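J.: Copying in the features that TrEMBL gives for the protein in this structure:
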DOMAIN    318-406  domain 'PROP1-like PPR'
DOMAIN    521-613  domain 'DYW'
REPEAT    172-202  repeat 'PPR'
REPEAT    205-239  repeat 'PPR'
REPEAT    306-340  repeat 'PPR'
REPEAT    341-371  repeat 'PPR'
Amino acid sequence: MVGGLVLSQAQHQVGIAATSPAQAQAAEQAAFRGRDHRAPCANLDEARKAHARHVKLGLDRSPRHARPLLAACALAADWPGSMAYAASIFAALDDPEAFDYNTLMRGYVAGGGGGGRDPAAALRLFVDMVDDGVEPDSYTFPFVFKACAQLGALQEGRQLQGHLVKLGFQRDEHSQNSLISFYGKCGEADLARRAFEQMEDDEQTTASWSALLAAYTRAGRWAECVESFGAMVRAGWRPDESSMVSALSACAHLGAHDVGRSIHCALLRNTARLNTFMSTSLVDMYAKCGCIENAAAVFDAMDDKNAWTYSAMVSGLALHGDGRKALEVFDAMVREGHRPDAAVYVGVLNACSRAGLLEEGLRCFDRMRLEHKLTPNAQHYGCMVDLMARAGRLDDARALIGSMPTGPTDTAWRSLLNACRIHGNLELAERALQELERLGATNAGDYIILSDMHARAHNRDAAAARRTEAVDRGLAQAPGYSAVEVHGATHRFVSQDRSHPRADDIYEMLHQMEWQLRFEGYTPDTSELALDAGEEEKRRVVAAHSQKLAMAFGLLSTPEGAPVRVVTNLRMSKECHAYSALISEIFGREIVVRDRNRFHRFKRGACSCRNYW
């Protein structure tokens, strides 16, 4: 039993009914075995008294009689010290059975007894169980795999899998589901998939699918998560809350708005009322898919918002550059009695940075330290450096990096480097790169920023040298791509891509787009392109940028008037920004682009970022 010990009220009448000590003991033993008029132990003191009766009656060493008391102490959530007491009860048992080992292991992995988790103790107990010749049952392995997952003990878990097969539990649903979950929590999505595929079709359950989706989510394999979610639905399984949350998280990272919206519709059809966790997942999904209005609608409809909900909304507004609204939501959070944590303040400071709200950001930083007594971490200082540097206060940002209690971080120096790109301060950008090199934290993108800055300053040799240096250091840049969702399917493009089945149509659409743009006076800007080639070749490269290919396919494949949503792992360039703004005006479409840092929503020739990014 969880949370209390079952005792019979009949025991209180024993002393009256009995006429001798022997009769009294027999009556009390019968009362302990009884199941009528059950009353729970309310706390550890009552459990101790009940245990004293066991000792008095000689029942404390009998697993059958001590079992309810062992479960009550091991699994009670709010009895401080009861886990240690449960271990002492277990230690006194003669010949404990698998059930008793399982109960104590469950308490260790669940953090029972009002204490913290102790998964190492659960594993030691399992070893003792095997050494004592007690054969594990189907309930044992889920607890032991959970202990391995909490410890990140991959090798021990793999050994346990062999033990599971040896004992013939490879067909047991609960054991297999716990194995999938274990591999997922250890970041081994491929092993989780293999364990899932080893199950027969009639053995797989909603819980099996949910564990697989969680494994893909934890490993950041978003596309496979969405694909598996679709396979789950097609196979006739009804997704549970956990699988939907995993799928929504994947949709948020992929920008798969149509799939996320279909999950929302399924939730509305099948659930009378969305709980806070699901609603928060929807807020996060819509915000990261570029539909901040839908995120706000879900947020406003919630009656039971928590700190995570406010954090998701603030971070979503920060992504969209709506700093004023983010501050309003934050103020509402404080008014409603939710104590802000460090994560919420990261969102608030990011919102101020992306909206250029320097004074407001400085006030929030002071409020965090002085009013809410939170010690700023490296993330908060990174946000402040970004805020000040973007606002043009590069020297102040540089001074702040030097005064960081945590010591200068690569995030702070990279924020300064990005701001130098915006303000064209090549000298300070070089200093920032030197500091990143000193920290051993450079990536290919850092050198590309310097290369682009040199190219803009017409220092072609220096631009080429910086890119060569990145190669010499073995820094590989992740391939740039842009993706667009059409009818629930994601189509990905790279620069100069001709692999798409409709490549001819896409390039014809690109030609038409550029033709119409020329009537608006558009001229491709090749100043940021560090390419040793003639102007015509540069224009050809710029014309087939991955973002433009995705945009062209979106315009071709979606109904007139529908928004086109593009997700790219690149930073929005000035050339693509101007191009997208003109396309939104000429074609009468809303173009939503999520780049590496934020959202750009182009509508009637204007961007939501107000040219501040």
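Even glycines carry a Cβ here, placed using N, Cα and C.
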J.: When DSSP states are grouped into helix, strand and coil, how many residues of the repeat 'PPR' (306-340) land in each?
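T.: The breakdown for the repeat 'PPR' (306-340) reads 26 helix, 0 strand, 9 coil.
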J.: Should anything in the same chain at least six residues away from the repeat 'PPR' (341-371) have a Cβ under 8 Å from its Cβ atoms, list it; otherwise answer none.
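T.: The answer is 307, 310-311, 314-315, 317-319, 321-324, 326-327, 330, 333, 377, 379-380, 383-384, 386-388, 390-391, 393, 597-598, 609, 612-613.
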J.: Which residues of the same chain, at least 6 past either end of the repeat 'PPR' (306-340), have a Cβ under 8 Å from a Cβ in it?
T.: 276, 279-280, 283-284, 286-288, 292, 295-296, 299, 346-348, 350-352, 354-357, 360, 364, 368, 372, 374, 594, 598-599, 601, 608-610, 612-613
J.: Give the mean pLDDT for the domain 'DYW' (521-613) on the 0 to 100 scale.
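T.: Here the mean pLDDT over the domain 'DYW' (521-613) amounts to 85.
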